[in-house]
Each structure stands twice: as C-alpha cells, then as structure tokens.
Amino acid sequence: MDIIQTLTIRHLKHNKKRTLSTIAGILTATVLLTMLSVFMTSFVHRLEAADVTQEDVKPLLSAASGMIAVVLAVLVIFLYNMLVISFRDRGRYLGILASVGATPFQRGRIAFVEAVILGSAGIPAGIGIGVLLSAAVFPFHVVLSWRVLLLIFLSECAAVLLTGLACTGRPGKGSVIELIHNRADKRTFKKPVVLPFWTAGRFGAESNLALKNLVFFKRRYLIIGISFAVAMLLFLDGYIYMNYLDGGYETRDRRPKDNADLVLEEDYNKRNEKWDDFISEVISIPAVEGYSIQDRADMGTVLFEAKDIDPGLKEYTSYILGMSYNNPMKISSIKGDVKKGYAMNLVLVGMDDKSFRDYLDKAGVPAEYDAGKGQIPVLVEDHPIVKDGSTTKYRSIFAEGTRGALSLFTDSGQWMYPVATPEGEQVKQFKKWEFDVLGVTTQTVPCYTASAVEEPNTIYFYTPQDVFDQVVRTDGFPAENGQTHRRLALKLNSEAPKLPDNVLYPAVVRFGNTTTRGLKLVSSSLSFLADEKMQNTLMERGEEAGKVQNMIEDIGERYGLSDGRNMDIDNFDWSALDYTCNSYAAQITGTMSDPFPLLRHLFSYGVLIFLTVISVFQMIKIITSAVQTRRREFAVFLSLGMSRKQIAKMLYIENLIYTVCAYVAGLIFSILLALALFWSWGREQAVEPVFPYEILLMETAVFLVLSIFSVYLSVRSVKKIQLIDIIKEETM
C-alpha cells in the first residue's frame, strides 16, 4: 500500500461520519435500483408465464427496459452529484498536503482512490442487499436477471470511476495558501448581493446571508437544484408514463349509461320470420322490468356536407379498426362521379314506438314528426371518436342546432372504407338519402348495450320501426355486403344493487397477427370491482340473468331458434346459430377473468411506488449531504456570534429560495416532457391525454414537506456542532 492509499484511508477514517454517509447513499441508491430491476424482471416473467398474449406483454417488456435505463441514469447522476459534494469538502486538507510537498497529481490520486474505495464498499453490498430484500418483501417468486444486475454494477462503477477521474484535476487548482485558508470562510462579490428591502425587514439579516451563500456556492446549489428537478421529472412523468401503460389514456366514452342486463342479438341478415313472436313472449317474462326493441341496418360509409359539420371541425381524424383517415375527403364512383364531404360510418336503428318516444323524451326533443313527407325522421346520436389537432375524444361533430332536412350520400352499404389520399376511393355507385332530423343528442339510448363490435367512427340515426321497415324494403338496400340484425335489450327486476356503468369500453385487441375489437376493463375500476361487496353483487346479478337466460333459451327452442346451447363445442356450427344472449354481469366477470389488466395495473403502480421512493430518497439525501459538508462554515458563524437559531433560519431561507427555483425549473421541464409524450402517443394512437393536475398539486405539497423535513434533519446536526470538535478536526 503506497502513501496515497494510506493517506486516503486515514482521511476516510478521520471523517468517518461523512464517509459512512456517502457509503450509505451509494448503498441505498444501489438497493433501490436492484429491487426495481428484480421487481420488473420477476413481474414480466410472471406475465409471460400467465395466459397472456405476447402482443400484450411486448409493450411492458419495452417499458421495463426503458424504465430501468431511465432510473439507472437518474441514480448515476445522483451518485455523481453526491460524490462531487463530498469531494468539495477537502480543500483545506489538500492544501496541507501541498504544503508538505504533495504534487497536484498525488493530490488528484487521493480523489480517485477515495471514489474507488467508496464505490467498492457501497455498490456490491447494495446489489446483495437489494436481492435479499426483494426475496423477502415481494409476494411472488423472484426471478434474477444476471445481465441486468451486471449492467447495474458496471454502470454504477463507471459513474464512480468517472466522478473520481473528473475530480482528479480539481485538487491541483489554486495556490497552497488559498487552499489552506479555505475560501469558504470569505464572501467577496463584484456586485452587491442583497434581497429586496421588504425581505430583509421581514426575515432579517439572515436572508441576505442566505442569498450570498447561494451565489457564492452556486455550483453546489446548482447540483442540488438539478437533483431536485430530476426527482420531479422522474415522479410526474413516471406517473404519466405508467398511467399510459395501464391504459389510463385510452379514449373512452364517459357518458352515463343505463346498461341493459340482458341483450339478445339475432345473427346478421337472418331475418327469421318467428323473431317477432319470440321476443313478444320474452318481454312478457315476469322478471323483465323494461325493454328496448331495435332493428339495425349498417348503411356503410356516408358523406356529410360541410354545412352540417361543426365549424370548429374543418379538419379532423376518424378511426376504424386498424386504421385512421382524415376528413374531409373525396370519394369517386366508377361512373366518374366525385363527392367531397366528411366520411363517417352510419347505422340506422329502428325502434319500437314506446322505446323511440322514451329516447326522444330523454334527449329533450319534441315527439311530433311527419313520416309521410318523403324524408326519414331520425333522432341522431352524435358521439364518435374524433381527433382534432392533438386531442382525441368522443365528441359531437354536427353543427349546433342541426334540425330539419339533411341530405347525404352513401356507398350503398359496400363498406368501402375511405383512405387518406387526395384521389379517394372508388365505389360502384352513390345513393342519396333524405332525412328529417328531429334533433341531435349525445345522450345514450335507454337500455344501453355494451358492445365490442361498434366502430368508433359511427353515427347512429334512430327512427320508428315502421319507417325502418320501409327503408329496408327499398330497392338496393341492403346492398350485397350490407348487414342488418335485430336486437332486444332487457332490464330485469332485481333487489341487488345496481352495477356500475363505464367500467367496460370497446378497444382494439390483438391476438398474434389478428386484430379485432373487444371489451376492455377500465383499469381504475379494478380496485372497487374486486371488493367483496361488489363481487357479491356481480354474482347475484349474474345468477338472476342466468335464470332469465335459461327461460329465454326454452322459449327459443319452441320457436326453432337456437343460441348454440346444445351444440358440441368441438364441432360448433356457426351457420346454425340464430341469436346470441349476453348479460352485462357476465361481460364484466369475463373481462375480470383476464389476468393481464390486473397484472398490468399492479406492474404500473409497483413501478410508480419505486419511482416515488427513489425521488424522495434522492431529495432528502442531497440536502442532508450538502449541509453536512458545511460543519466548518457553521463553526465559523458560531465563533462570530451567530446563534444556532439564526443559522437554522438561514438554512431554511436558503432552502426556500433554491427549492422554489428548482421546483419551477423541474415543473417546466416535467410539463414539456409530458406534452412531448402526449404528442408522440397521439400521432399513432387514439389516446385521450388527461394532464394529472391532482398529482401535480400533491407533488408540490410533498416537495415542500420533504424540503422542510430535509432541512430539519440538517438543523439537528447543526445543533450538535461543538467548536472544540471542529478545532480538533482542523488541527489533526
């Protein structure tokens, strides 16, 4: 062991409090990073082992890799900042070494050797403790990725070594006299450094001294400010990213809905002549409280004229399964006709007279209409997904107050989806339809049906059943690929509590190379749906619906209508299926049986907890470490007559100034990064960004409390300072 190593070890032993504090910081940072990596690796392994499609797991794999990289970078910056703060406290010691003949190179080696010793003590121990704590704390089988652990070890070692190398040049600067004198005792400025007069009157002379400290030690406080800003960035944007992974920004229809308990749907284009008699007997079942009879016809892609569209939506993006297209657009026919307008999908819905009038009342539309003037009277449900600028959400596209005559062109149900090209798409022919709009509403239909197959670019025109029958009998409709089907929605008598609405939403679902639409469970509803009381409600509602469903199946058999109950599951004949019957309770239970939403939810919020702990630890450790390096400075203040209370006041004012500045800077960068993330996601997906103002307010409060708490811990160390101990430290 040479003289440099001996001196370094002796210096570390002599300043054992600072040494232990630095090692503890390195160790804790390594423990947190190791536990985070083990958590992510184990959870992703559990996802892969569960019955979850690989298309769902891939985004979480990418997110796990990205979050480990980000947190690793943040903690590497933290280690660098903490070591730099520690190294800046040795100026006087290095000056004494220079006075006895130590060269700048030898003094620089001390910084490097110290970094190596501190890193060697903290990093391996932190990885080992992190693995052991993970095995003891996590309530699942722990899976270790030696590649990730090796990456953590090498990255932190590189950070420590680079910090040591960066600090080797600092000890050689300045004369020996200046180093021994230690310029920290002196406050000289080219210009006066004072706070406004009203501040000095309110906070006293300590406020000006605090400002001078901030200006004089600007590098130290810049390091603290950067650490604070990074902590804010990690927490706020980490929350936004985890919420995105959890499906929190997927576009959803948040309107209140009166969900039907049971829904019967006839197979497409069957039009069984016994259907009307069948549903007449079904609605007479005593357990049926209310119903809505619907006959639906898919009219294909239609073009609305610009005058009928909201003036604020001159251009917007519409979505269908697997693609999007821009409005307005041009569509041409084989005959050479070119039509320009706003292309949307249109479904015409015929309703029994009672249900139609109930819907008119709910929408606040007068019930008077004339069905004999050559126009189709309709109530328009206008609430598709629209992307306007960078905002994607369900909204109305029709101009306010749209009523009366409405003309539109359709592709006659050929389902020729438009594409976003200047030429547009060719169709065989256009057909013009004339409607009499009774009113436009965003209210949902009574006995609402949660359906997975509804496209998000669909407009619904509701009309009386007799009018609908006339339209369907019109020559040329439905076209070759057009589709009609009938639906019966039922509300059941029940003493059980009402099931919540808006817990299911239709979304794109991928199974391998297949893309389809399915119902997903809103992630925020997982907690209350898993509640025992809600589980009992689901079970009770499901049993009631099951009993009625059995009665409906018996009625269907008498009319020769099959829902596939008696078919062999291995040789299922879809062509023999006449209708399907689904219950709302079963839909919720079915989506809850999918393990992926719950696992994804736990993964996202587990990572968020780690991000919060890392941010809090980083803030507290940086403040306390910075104050601990100022013991000699505080001793000088005490020798000049300052009381400990005045020093504490000065520290609180310093803390207030730089935390406010760091908070503003961190807030600006956090918001800019959040907007960049929202913009990036919105370019490719139908997402509905919601900025987390509540989280921002909570972060502000926590930020302030942590800052005060950190300074409180530092002030406690100031109260323990004894002048005689400082004199001994300086003379030894």
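Note: Cβ is positioned from N, Cα and C throughout, glycine not excepted.
According to TrEMBL:
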type     : residues : note
TRANSMEM : 20-40    : transmembrane segment
TRANSMEM : 60-83    : transmembrane segment
DOMAIN   : 67-169   : domain 'ABC3 transporter permease C-terminal'
TRANSMEM : 115-138  : transmembrane segment
TRANSMEM : 144-167  : transmembrane segment
TRANSMEM : 221-242  : transmembrane segment
TRANSMEM : 602-623  : transmembrane segment
DOMAIN   : 607-722  : domain 'ABC3 transporter permease C-terminal'
TRANSMEM : 656-681  : transmembrane segment
TRANSMEM : 693-715  : transmembrane segment
Most Cβ pairs under 8 Å with the transmembrane segment (144-167), selected from 20-40, 221-242, 602-623, 693-715:
20-40
Under 8 Å for C-beta pairs, could you tell me which stretch among 221-242, 602-623, 693-715 has the largest tally with the transmembrane segment (656-681)?
221-242
Restricting attention to the domain 'ABC3 transporter permease C-terminal' (607-722), give the mean pLDDT.
76
For the transmembrane segment (693-715), give me same-chain residues lying six or more residues beyond its boundaries with a C-beta closer than 8 angstroms to one of its C-beta atoms, as numbers and ranges.
228, 232, 235-236, 239, 616, 619-620, 623-624, 627-628, 647-648, 651-652, 655-656, 659, 663, 667
